[in-house]
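Report on one structure; see the data block that follows.
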Amino acid sequence: MSIDQRLQLITRNAAEIITIDELRKKLESKEKLKGYIGFEPSGLFHIGWLIWTQKVKDLVEADVNMTLLRATWHAWINDKLGGDLNLIKMAADYTVEVIKNYGVDITKLNIVDADDMVKEKDYWALVIKVAKNASLARIKRALTIMGRRAEEAEIDASKLIYPAMQVSDIFYLDLDIALGGTDQRKAHMLARDVAEKMGKKKIVSIHTPLLVGLQGGQRMSITEGMEEDDIQAEIKMSKSKPESAIFVSDSREDVERKIMGAYCPKGVAENNPILQILKYIIFPRYNFVKIERDIRYGGDVEFKDYEELERAYIEGKIHPMDLKKATARRLNEILEPIRKSLERKPEFEEMIQKISKSVTR
Ligand SMILES: Nc1ncnc2c1ncn2[C@@H]1O[C@H](COP(=O)(O)OP(=O)(O)OP(=O)(O)O)[C@@H](O)[C@H]1O
Ligand SMILES: N[C@@H](Cc1ccc(O)cc1)C(=O)O
């Protein structure tokens, strides 16, 4: 693959790359690049997470050495799964199983547990050095990377250690590229600034978009003067708002029902979850989408790229119902192997039961 092809694959559908020039230079330097994404295991995997999973797949295919960090200790700090580390580890296994059955070649991934990194004293020396190079105000502002507001640092002081840990993970793993949703931007900007002060390698960061929830931002509590990041966090598909989400374990019928009920006004592309699912999850897999229609309504149409389909939709040439049916069919095809593999593992079923009974975050 040429450098241009690698660059194209790495950057497609990303919300932002900081910076594209640095990425090109790194690719040109020919060294095998090291990238990562960290995730907090939580046991529930909604299709928004497939956007970054697809980017992991793109990066692996673009020959980047990817690490998947199971952020177990981070999840503990963040009160995930009641802080039960055994449950958190089981949830991490679940996530890896989903990623594998989505089609990522996990034999090419370096899968690391935060549990192992925290055994090293060098790791903690890094955490302290990072903290020495960041103001308290900056650390508090970065709490959005854990899905919390700055004020939530008051809950307990461990929350303040988390951003310094996430930045240290980047240095400890000696990375070139950090991947995450746009809500991870503050960690990556901090890592870039601190890298200069500490003489460490400066990462390029790749941020994938946040999939909007099934209500498309309708009836959400958006107030005047709210920052763009906070609006995105409010309207995104989120496991803590189950009505906004399609989970990878949902049955075929549930997927169809949820899609049929989703926000998708005729001719409107903004915050349209159906179009976003097509753009970020279906097109990267199939490269074309067929909309099946009765001959009375113009018969079947095929689209070879997303932009073409979006244009036709905005012009009112595609009816929302036809768009939804095609989306449900393709999405179910993508989810089928994931669903099947999860069904074969009763231990995950038990974990989900336990989680849905007792855990709120
Ligand atoms: N709707 C979404 N679309 C795309 N990526 C998402 C979405 N929600 C979360 N992510 C990404 O998945 C990772 C985990 O995020 P997080 O645990 O906050 O999400 P969540 O499962 O929806 O939880 P919560 O209920 O706390 O919002 C982050 O890297 C984040 O960028
Ligand atoms: N903050 C990330 C998880 C994460 C933790 C540690 C990392 O090094 C990277 C990512 C999230 O909430 O999804």
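Cβ coordinates come from backbone N, Cα and C, glycine included.
These come from TrEMBL:
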BINDING   TYR36, TYR162, GLN166, ASP169, GLN184  L-tyrosine binding site
BINDING   LYS239  ATP binding site
MOTIF     236-240  motif ''KMSKS' region'
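Locations of recorded TrEMBL features on the structure.
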| residue | record | DSSP (3 states) |
| --- | --- | --- |
| TYR36 | L-tyrosine binding site | strand |
| TYR162 | L-tyrosine binding site | helix |
| ASP169 | L-tyrosine binding site | helix |
| GLN184 | L-tyrosine binding site | helix |
| LYS239 | ATP binding site | coil |
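Mean per-residue pLDDT, taken over the motif ''KMSKS' region' (236-240), amounts to 90. Listed binding-site residues: TYR36, TYR162, GLN166, ASP169, LYS239. Those with a CB atom under 6 Å from ligand 2: GLN166, ASP169. Sequence-distant neighbours of the residue listed as 'ATP binding site': residues of the same chain at least 6 apart with a C-beta under 8 Å from its C-beta are SER42, LEU44, HIS46, ALA245, PHE247.
The binding-site residues near ligand 1, defined by a Cβ under 6 Å from one of its atoms, are LYS239, chosen from TYR36, TYR162, GLN166, ASP169, LYS239. Taking the Cβ of ASP169 (L-tyrosine binding site) as centre and 10 Å as the limit, one finds 25 other Cβ atoms among all the protein chains shown.
Summarising the environment of GLN166 (L-tyrosine binding site), the number of other Cβ atoms within 10 Å of its Cβ, over all protein chains shown, is 26. Around GLN184 (L-tyrosine binding site), the C-beta neighbours below 8 angstroms that are at least 6 residues distant in the chain are ILE145, ALA178, SER205, HIS207. Close to TYR162 (L-tyrosine binding site) in the fold, though at least 6 residues off in sequence, lie HIS74, ILE77, ASN78, LEU143, ILE145, MET146, each with a CB less than 8 Å from its CB. Binding-site extent for L-tyrosine: residues TYR36, TYR162, GLN166, ASP169, GLN184, maximum pairwise Cα distance 17 Å (rounded to the nearest whole number). The number of other Cβ atoms within 10 Å of the Cβ belonging to TYR36 (L-tyrosine binding site), over all protein chains shown, comes to 25.
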